[in-house]
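J.: Below are the structure tokens for one structure; questions will follow.
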Amino acid sequence: MRPSKVTQAAGCLLVSALLVQPFGVAAAANAADTANVAGPVQQGLPQHVELNFPQQVNKLYAASNMQPLWQNEEATRAFLVQLNELALAGINPRFTQWVKEISNTHLSEMARDKLLSDAMLGYLGYVQNVGANGSVWLYGNNKMARLPAPSPERVLAWLKAKDQNRLTAFIDSLAPMNPQYPKMQKALHTLLEEQHEKGWPQLVTSTTLRPGEYSPMVVGLAQILRLTGDLPADYQDNGDDLYNATLVSAVESFQARHGLATDGVIGPRTRFWLNQDPQARATLLALNMQRLRLLPAEKTNGIWVNIPDYRLDYFRDGKKVLDSKVIVGRPARKTPFMHSQLNNVVLNPPWSVPTKLIREDIIPKVKQNPSYLAQHGYVILSDWTENAYEISPYDIDWSMMSAKNFPYRLKQAPGDGNSLGRYKFNMPNSEAIYLHDTPSKGLFGKDIRALSSGCVRVNKAAELADMLLGEVGWNQSRIENSLNKGKTQYVTIRNRVPVQIYYLSSWVGDDGQVQYRTDIYDYDKVPRPSAVVQRNLRQLLN
């Protein structure tokens, strides 16, 4: 018999009164109180199972007169899909533990119900806090150290949705609100279906294989390319170990999906990706599905820079009007993710060299070659104030200069050799990051372009400047005249342009193919996924 509306309302009010105090207390504090929790909440749970939020779960079921909270099978399934996806992403081992505990076929229905509620509290806390903490939780080794408790408002929203028969819709609203999510989820399902009893073939040699060469590697290579779909399933080799044109074409297709140079050469990076089995790829895809939570839902207007893809896309009214290769920060000087708004374009920009670059890069070069500054158009200013005056480099005893005691400012005049090129695109941010042109266009020919000191170099800087300046009434003739004068000019962009710099190492392309990129900043390190998680998710997505 279903509870009446009066009973439902009373239950929500009681839960509200009971839960206001505990929520907001850290999960670590709750764990410390586990031993002190008495009452019916422990009934039916295996001895080795400890709830993460024992006090809150106890009060939830006290308020419901120990009635189950997970009788809606559709909603339960929807929640388990999201819980398993999160466990697969490897963000916190507790999510994997919940999956294993809930999957225990020997549990009583009530014990499973309590574990589902405990997991729901953890998931609500994650969803509520990932926006503020995602740059730590979803990148690198600084994974989620503890599970924050959700606010009372989030808990009550869950219970209200349950009582109003809107629980499935409520759970669906907890998933990443991004058009990539269903595409990536479909791709994840496909990867999880690709189980290979004999394991994934591995190319174990470290030798580089080039088109037209012979190698025992060719047999394993053909097996992998059949499995990835780059080679027809009925492909038959001649048994001569020749790396032939058909295989080369398949490898080039594979390389294109992984952001690698499409030269058919199988070196370390191509071999790394060929050796990645579906399970490893599923984990990577699941992690990037969670990263969608940090991005705007739609690419309607603005500039988007995906760091590991080395690419800039400019959107207007939902349409891509420009795409460009970019160069991003090298691993020692990572380009940060950020959201800002482009507010001006600088033509013929000067460059005030950041102190860190002066200390780490330029001082050592000047010590080796005193003419280095003059050769590259640098001038030395006495300090960083507006009244700073120029100092001759020959008046400085460079043997006494070090990274710690260089008090001067270094400025590079506008011109063809200026490190910023002819255009700079400013946007307010605390990291002093901006987009800019570069005189070193040859570097855009590389497939790995993590080469800068943190700022983003844009290959099509001139085209981007033309579009932005066109929005404020500048035509091509006016732009060229300003550039030819050689003087620095700042042009305000009245309608600021959103700029999103982000890090997705896997996504689904417009053609439906899953794209993968080299993890240049080591942000993708996650534990090998549990077989239980993979099996559960495969079954749930069927």
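Any Cβ shown, glycine's included, is placed from N, Cα and C.
Copying in the features that TrEMBL gives for the protein in this structure:
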- 1-31: signal peptide (SIGNAL)
- 301-482: domain 'L,D-TPase catalytic' (DOMAIN)
- His436: active site, proton donor/acceptor (ACT_SITE)
- Cys455: active site, nucleophile (ACT_SITE)
J.: In whole Å, how far does the CA atom of His436 (active site, proton donor/acceptor) lie from that of Cys455 (active site, nucleophile)?
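T.: The Cα atom of His436 (active site, proton donor/acceptor) is 8 Å away from the Cα atom of Cys455 (active site, nucleophile).
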J.: Can you tell me how many other Cβ atoms are located within 10 Å of the Cβ belonging to the residue listed as 'active site, nucleophile'?
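T.: Step by step: centre on the Cβ of the residue listed as 'active site, nucleophile', count other Cβ atoms within 10 Å, giving 23.
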J.: If H, G and I count as helix, E and B as strand, and all else as coil, what does DSSP give for Cys455 (active site, nucleophile)?
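T.: Coil, per DSSP.
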